[in-house]
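Record features (TrEMBL):
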DOMAIN    B:20-441  domain 'DUF112'
TRANSMEM  B:32-55  transmembrane segment
TRANSMEM  B:109-130  transmembrane segment
TRANSMEM  B:142-162  transmembrane segment
TRANSMEM  B:193-216  transmembrane segment
TRANSMEM  B:317-340  transmembrane segment
TRANSMEM  B:360-380  transmembrane segment
TRANSMEM  B:392-408  transmembrane segment
TRANSMEM  B:414-429  transmembrane segment
TRANSMEM  B:436-454  transmembrane segment
TRANSMEM  B:474-493  transmembrane segment
């Protein structure tokens, strides 16, 4: 049987819509009638895992079904993000996604693009900060940038893999103040812990990572945090200046954590979870847990979150091109 | 360093019913999880995280401390009885322990494991109590240059010292190193040897490989009729746990001293410490032993040194985590997370403002290691029943545990397939007398070696002399280079006993024309 696509498109869409609505209504009536899997693309014990478990606990209390946190790690989060994308869009496979989800496609890695998710809501966003050794000869970020300007390859910086968010944040900052990113010396590390170890041992000069992770070293008098690479000051670190105010630029690469599911999830399930997530982010117990670990709470609803991810994707794409990594 | 007052205050905090209960429950739980073949200490800790939500800071940490100390030690039980190592560290001496079991000395090898682990743990905790913050400061001076040399040292001791056939050990090690390159490369963010499979992007985890190579290959050997039958414990005879341990203490005091101090020193280095200590300790023990030829045949000397270094390294891994918030392994990363969540931020301020807290944590280690004696006693008593189970029953049970363990690594069937394939490869390797333990070390140290090499090269702008510019790095580098050169010189000086048989051209199968396309 052959048929004209254009002629029948409306009808097909109608059927598809009916099927979707049907599945949506069943979901509305019953969801969740069994345990929900919450995929976390990062390892147990890390920040994403801890916040995910707190969110899962809140969802469990609100929906009366277990929300099982499953860590699917590896490949810089790609394995877990792929697991979320490839889940059945029935509301029983959800996941906590991070900004990396918007970066894989830019790096030329297959399987995950910002279009592959149903966005539910964001619950956390923390800026990256510029950290240097405590005995470094500059007291503010302007001094550091001047030093980089005079000899871009002399200062080694680290914080993540090449093309990781830490790297892009640093590259984006430098290219915004007219330093050729191709000349800077980025030392690829496996996350912030080894980078901070390198900083403390005096092997490198700059680490770009969240102020929460550098906190212990700063308190030990081994390191100092100069500024946040962000557009607005953080309520947790009100004294830290931002690079936007220091240089009059606009560069705000905000790492986030949010709930999402596979593409084409029933809209009512998404809405239910989104509302529950909003309630959780207003729960005093959750707020206390987040602030004790140095994480800020920053809720966004499904539509805004989706927009945030897409915007982040395009602006990071620009930074990647600047770093010579764009595909 | 630690005032008497603080010590008393910490002791008072630990001697609370809640904390003591947490230590006891954590230890029992750790014993159970660790003794199950295929389940690791890291997994035991991760499963505890949700429980800690409901506890006060000290009981929460006490729970983690005691369960890991116990799980790592109990992981030696399946290692000794069934040849399934519990951690990459215990893979260093699993073969030795299993060899003792095959000689009918199951009770002795288990007693030895628990006894010397406990001794190592107790001494390690003492060392920490005295030198903790100092040790942390020293460990903070290690950069990628030093870590690179340390990784080299670990690989060398494994290939040249621990193995009776260095060449074959080297081949196994290289295989492990090569497999470790699979996955996303952190430097360029590019996938290597992934063949488009998303699962392979995450690389090949050493846990399913370890389970497969040791346990599954052993099961396969059983089917092929090549397995040596483990002697059943004689009926009616009662096991006497810890019998003869004090005479071992008297015979090998130097091994205990070296093992514990090596463990405490290497364990404090974030990132490489925990996994390396036992390998280096085993290698050092063999090198300085009066009877190195007995190693690998079920000889207690190396076991004593390696197992005591394992537990003493365990507690010192907490020091950089507590003082500078730099976790060295998965377990301490989880613990740092739990501490943060409890409002106890790791950092030097913790030592100044609330010094009884870190002291209390070290005391928890002390108590957990003391608990190893009684709980180990029960475990050893129970273990004889494992050996009396008929093979037809135990083999399927081993396989079920292997499946669960490798599935649980990342909750996918991919881990199970990895385990099965590794099992077949392990079987083939062992039939041809290639040791399998070096594969595991290669797999664990491969990323450490590569990352630190690349980081160092990026820092020094590609100048290899950068590896000798920092003082500690230069010393370590000289040690590594001299071991390599001495070994080479020695093998060149030695007159070859056998002339190498001439290679006959027909032995080499050349690809025929047209077959390659």
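Note: Cβ is positioned from N, Cα and C throughout, glycine not excepted.
Heads up, TrEMBL stuff is auto-annotated, nobody curated it.
Long-range contacts of the transmembrane segment (B:436-454) within the same chain, counting only residues at least 6 positions beyond its ends with a Cβ under 8 Å from a Cβ of the stretch, are 85, 88, 91-92, 94-95, 144-145, 147-148, 151-152, 154-155, 158-159, 162-163, 169-170, 172-181, 186-187, 203-204, 206, 209-210, 213-214, 217, 271-272, 275-276, 279, 426, 429-430. Residues 41-42, 45-46, 49, 52, 57, 60-61, 64-65, 68, 128, 132-133, 135-137, 139-140, 267-271, 273-275, 346-348, 350-351, 358, 361-362, 365 of the same chain lie 6 or more positions beyond the ends of the transmembrane segment (B:317-340) yet place their CB under 8 Å from a CB of it. Among residues of the same chain six or more beyond the transmembrane segment (B:193-216), those with a C-beta under 8 A of the stretch's C-beta atoms are 37-38, 40, 82-85, 88, 91, 94, 179-184, 398-399, 402, 405-406, 409-410, 412, 414-416, 418-427, 429, 436, 439-440, 443-444, 447. Tertiary proximity for the transmembrane segment (B:360-380) is limited to same-chain residues at least six positions away from its ends with a CB under 8 Å from its CB atoms, namely 10-11, 13-14, 19-20, 23-24, 26-28, 31, 35, 58, 61-62, 65-66, 69-70, 73-74, 77, 107, 110-111, 113-115, 117-118, 121-122, 124-126, 128-129, 132, 239, 241-242, 311, 314-315, 318, 322. The list of residues near the transmembrane segment (B:414-429) in space but at least 6 beyond its ends in sequence, with Cβ under 8 angstroms from a Cβ of it, reads 172, 199, 204-205, 207-217, 219-221, 402-403, 405-408, 435-436, 439.
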